[in-house]
């Protein structure tokens, strides 16, 4: 594996999930694989779970980890070509990426969208340039439109908590928020679930209020509804997440119906397990009674971030060692 | 040891001091004890000594260390229950603590008081919730009302620099400052010295100006005076520290007498050794002539922070390995 | 080696360059040398290359690394003696340095000049006090007037890319910028090249516009010109760098001639290799066509930062182990 940016970078969805679960049982089974190899984690935006879980995964593979927080003022990267850098940007991504690739065997990078220019965000320019100029394998720590380590984690978590013969019904349900959030997590979850649906692993439904449709590129084959109650019928997993509008890009539309998942709404499901990528706004996005109740998987889900990262890094290291 | 939050968490004061001094003589004697174990250090406030010394202690025990600085804007934790999180806090301590507990075998956390609401600060709500939700052993890196790694260090330093048969007279002397500081360090030092006094290790006196009495919960059995000169008579150790008022909570009262320890005042003592937890405001809190003079122990004291942290982490690791 | 602050700290210029190139061929040849030794990296200003390359070098020598970012508000260091610290500084460098020296076997520190008071900057007070009070070997990660790890890197890079019998002509050429930059990099490069010229390794020329002369202390024996085209004739290496005025200290003088190196100007040289310490302002300081062209060495140069740091740390560790 030379990059981990979207579900398209994984050719065996079931295989990588099983690999992650084997690592969970025996975290140090490959602790020599990453010896003398350095992972660089570059954060243009804040991170808690992604940073700690990826660092932990790398350590368990024997890697050294260097973390760069570039989210503070004073290190603005230029991504445009053909402009004289006479403004606020201090370094071009061409040099920054190439240099970091000299110091690290594998790189991870996080960069959020600005939510102002949809075309710019969805072009994934910064991320693609970073991959192209750094010259080493790159793992996305969340980009403008996707969060693949989270989505792989989510698939692992569903697999781990589903023992029945039939396919589970997985519902991604929009939840309210006070801020305009990116579509990266829901895009990515949808992209992974749609592929899992194609492979006969899950049935996938998305529920959101009018005006919150995601880009169709991320939802092929998904059942879509604007009525939360309809979606929840028979659900085995409910994945709660807020996102801002894709159509009216980056905006928050007023929603009159009640979309926050609480115990009342949860009763409509098939005793569904409840997931959320965290951080979560309690009693805004998701009711405390659900988060603190027996159906919540949010902590187990966060815990599984380690195994998703470790499976991805393992594959990258194996490819590096082949050379 | 499952938590290290106050002197009550140590059942053998003499034993842990001797253990720390043995580690000082042979820092790598237990370098396999922490192998494959991760220490997470969470800073909601800045740190120099605590961070470096605890990191060093963990490394010498073979642990991996991950540091999280959460003191910057953008990661405000909610600690209250039963409120809708529609304001500035982005994550509840319930989830943040539980998640970090998934990634780490031992956690350390630093959180200063706000010095606005005494009841809130002295309830130690954030710290207690962190312990309760993270599910792993927790070491305080300074909380609203205590700084136990500093106090254990101080006891180690006194023990190391006292060879006589009789008990040393230890004086904690308030010193001036330009800012309102927490009571955490003096509370904690007093709590540890009072216990050491009960066990026949020291005689303990506290000197402060009118209006600066500490909470009585932290000073059982201590001799208290409002006259610095009286306290200094026959002192073997003088521990200088500023704190803001506990009674008129978090406020600075004007003090007319001169409370800064200088060579003149030091002459009243029994050639006392002078201690301070650092950072210190030179010639405000403590005279340069004392800091640079032969009686100062402040650097040796800072150095001993490593052995205090290492003794505590060693006990936590031993308990983890028992399971 | 007990300090690495200027070219005067290296007694065998050719020897340390060859040592660095041997390390480049076999990075882990001394991976036990730094075992149980800790490197502390203290940044009073931001860093990308210096931080990552020095961290990597230390790891390859088996050291543990602790990084302290002290560039944020809230940890202002006092460097003056004899002042009451009743203002904004929270700790004196005497204590801060001494304490960090207790926790680390080797220390690195970065501190930029303020560019306001030339005498103060050029006294290197902070750096010298840090060395004097910390008590352990110190490597400069860039100080007010020098950047020796960069200059050693540059000499390594020239050596690596020059196979001919004759001495190469090395030109340091001032380039435009939008901000007032320190003289540290050009001072340091000049100091190293002047010594290399004395030892018969290179011929060295400096070109800058009127008003941008460097301090003569850093340019002994260098050929100096105010005409870029003259300097470029027959050049084998062109080292591009902006700096603010030394004479009119820290100021930017308007420059009417075109000083940005582009392919047209590069054609005047002997197919010169082009170097820059990075970060570089594209199409302001240096033309994109040069940076992206076949003559640019900027990425290889950045990559060599690791070997410069590793050669220096190796020497410090060898001296420590002798004791």
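Including glycine, each Cβ sits where the backbone N, Cα and C put it.
Record features, source TrEMBL:
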| type | residues | note |
| --- | --- | --- |
| DOMAIN | C:3-160 | domain 'Aspartate/ornithine carbamoyltransferase carbamoyl-P binding' |
| BINDING | C:47, C:48, C:49, C:50, C:75, C:110, C:147, C:148, C:149, C:150, C:277, C:278, C:305 | carbamoyl phosphate binding site |
| BINDING | C:142, C:177, C:241, C:281 | N(2)-succinyl-L-ornithine binding site |
| DOMAIN | C:204-314 | domain 'Aspartate/ornithine carbamoyltransferase Asp/Orn-binding' |
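A map of TrEMBL features onto the structure.
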{"residue": "C:49", "record": "carbamoyl phosphate binding site", "contacts (Cβ under 8 Å, 6+ apart)": "C:278, C:302, C:305"}
{"residue": "C:75", "record": "carbamoyl phosphate binding site", "contacts (Cβ under 8 Å, 6+ apart)": "C:90, C:91"}
{"residue": "C:142", "record": "N(2)-succinyl-L-ornithine binding site", "contacts (Cβ under 8 Å, 6+ apart)": "C:45, C:47, C:50, C:110, C:111, C:112, C:149, C:150, C:184, C:185"}
{"residue": "C:147", "record": "carbamoyl phosphate binding site", "contacts (Cβ under 8 Å, 6+ apart)": "C:140, C:184, C:185, C:188, C:277"}
{"residue": "C:177", "record": "N(2)-succinyl-L-ornithine binding site", "contacts (Cβ under 8 Å, 6+ apart)": "C:242, C:252, C:281, C:284, C:285"}
{"residue": "C:241", "record": "N(2)-succinyl-L-ornithine binding site", "contacts (Cβ under 8 Å, 6+ apart)": "C:172, C:173, C:174, C:175, C:185, C:186, C:189, C:276, C:277, C:285"}
Open item on the list: Tell me the coarse DSSP state (helix, strand, coil) of residue C:49 (carbamoyl phosphate binding site).
Closed with: helix
Task: CB contacts for residue C:281 (N(2)-succinyl-L-ornithine binding site) [other CB atoms within 10 A, all chains] - done: 23
Open item on the list: Suppose we draw a 10 Å sphere around the Cβ of residue C:277 (carbamoyl phosphate binding site). How many other Cβ atoms does it contain, all chains included?
Closed with: 25
Task: Secondary structure tally of the domain 'Aspartate/ornithine carbamoyltransferase Asp/Orn-binding' (C:204-314) (DSSP, helix then strand then coil) - done: 33 helix, 19 strand, 59 coil
Open item on the list: Can you work out the mean pLDDT of the predicted model over the domain 'Aspartate/ornithine carbamoyltransferase Asp/Orn-binding' (C:204-314)?
Closed with: 98
- [ ] Reduce the DSSP letter at residue C:149 (carbamoyl phosphate binding site) to three states and note it down.
- [x] helix
TODO: From the binding-site residues C:75, C:149, C:281, keep only those with a C-beta under 8 angstroms from any C-beta in chain B, and list them in sequence order.
DONE: C:75
Open item on the list: Given the binding-site residues C:47, C:75, C:142, C:241, C:277, which pass a C-beta cutoff of under 8 Å against chain A? Sequence order please.
Closed with: none
Open item on the list: Under a three-state reading of DSSP, tell me whether residue C:142 (N(2)-succinyl-L-ornithine binding site) is helix, strand or coil.
Closed with: coil
